[in-house]
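Over in TrEMBL, the protein carries these features:
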type	residues	note
BINDING	Asn11, Asn69, Gly79, Asn80, Asn167, Asn200, Glu218, Arg219, Gly228, Thr229	substrate binding site
ACT_SITE	Cys78	active site, proton donor
ACT_SITE	Cys78	active site
ACT_SITE	Cys227	active site, proton acceptor
Amino acid sequence: MKFTKVQGLGNDFVLVNMKEVSREEEKNLTESLAELAIKICDRHFGIGADGLVLLRPSQKADIAMQIINSDGSEAEMCGNAIRCVAKYAYERGLFDKTTLQVETAAGIMVPELIIEGSAVAAVRVDMGVPRLEREQIPMTGPAGRVVNEPLEAEGKVYHITTVSMGNPHCIIFVPDVHAVPLENLGPVLETHNLFPRKTNVEFVQVLNDHEVRMRVWERGAGPTLACGTGACATAVAAALNGLTGRKVRVYLHAGPLDIEWAGDDRVYMTGPAQEVFTGNYPV
Ligand SMILES: N[C@H](CCC[C@H](N)C(=O)O)C(=O)O
């Protein structure tokens, strides 16, 4: 089965265009999507990635994107992956346009390729409107938004702000992101009973009114180097808490994502996308 390894700021994915999977290969794909993703994403026994991204034909958009985390769970949306999908589609001439409609489980997202010369310099994605009501995250508890609310975990109280970009995010502002015990606090919050569909967890250090630094523990993938939907949720949360304006540069391990929560209430994310290699995975 042909695949393309891609990454956005080090958040890496195995991309499979289902149109390129032969009937014979499809027949041999006997395991579930979850099992396939776990095998393919394994960094010792498989290709190695934070997730598996499947491209399929769409009735509603130019193409459909399905995201399976490395633990086999399906996610509604993935910001770093959609930038890579847009670049992949453009470079293979799948569409003769630089703005695509991509169907996802979080709705139709619109990546626009920023071309410099003949190369894709970056991708700007309309990530839609953030969902802020508790039941939209989803979270249990009384109706309303969750902004700077106390939450007890591991004997300590954290102040959380929750935002959905189609997938759930729990954002905690801290004085120093590098001092956060990500490996033990991440999974505790990811699986906290307040979140019936679990949650991504972002720790954020505010640098000034337009720059923040973020580390992430992803739902279904653990510590990743970057999270696009997480960066969008972080910018919204920072603005909601009055810590930044609505244009925020979110610094991640390998570089920044530029996020704007625009006047139309939609969130726009701009960042890089890279193809690493192509290959054939035996099925
Ligand atoms: N683990 C996430 C999906 C991938 C999101 C992230 N990699 C991004 O770039 O947005 C979830 O289960 O919601």
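Indices start at 1 and increase along the chain as displayed.
Placement of Cβ uses the backbone N, Cα and C atoms for every residue, glycine included.
TrEMBL: automatically predicted annotations, no manual curation.
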Neighbour tally for the residue listed as 'active site, proton donor', based on other Cβ positions within 10 Å of its Cβ: 32
Cα-to-Cα gap, Asn11 (substrate binding site) vs the residue listed as 'active site, proton donor', nearest whole Å: 10
Site diameter for substrate, Å, by largest Cα distance between Asn11, Asn69, Gly79, Asn80, Asn167, Asn200, Glu218, Arg219, Gly228, Thr229: 16
Rounded inter-Cα distance in Å - Gly228 (substrate binding site), Cys78 (active site, proton donor): 7
Residue pair Asn167 (substrate binding site), the residue listed as 'active site, proton donor' - Cα distance, angstrom, rounded: 8
For Glu218 (substrate binding site): DSSP state (helix, strand, coil): strand
Cβ neighbours of Glu218 (substrate binding site) where a neighbour is any other Cβ within 10 Å: 28
Distance [Cα-Cα, Å, rounded] between Glu218 (substrate binding site) and the residue listed as 'active site, proton acceptor': 8
Residues that sit under 8 angstroms from Cys227 (active site, proton acceptor) by C-beta distance, when 6+ apart in the chain: Asn11, Gly79, Asn80, Asn200, Glu202, Met214, Val216, Glu218, Leu252
Cβ atoms near Gly79 (substrate binding site) (within 10 Å, other residues, all chains): 30
C-beta crowding around Gly228 (substrate binding site), within 10 angstroms: 28
DSSP-derived class (H/G/I helix, E/B strand, else coil) of the residue listed as 'active site, proton acceptor': coil
Other C-beta atoms that fall within 10 angstroms of the C-beta of Asn167 (substrate binding site): 28
DSSP three-state assignment for the residue listed as 'active site, proton donor': coil
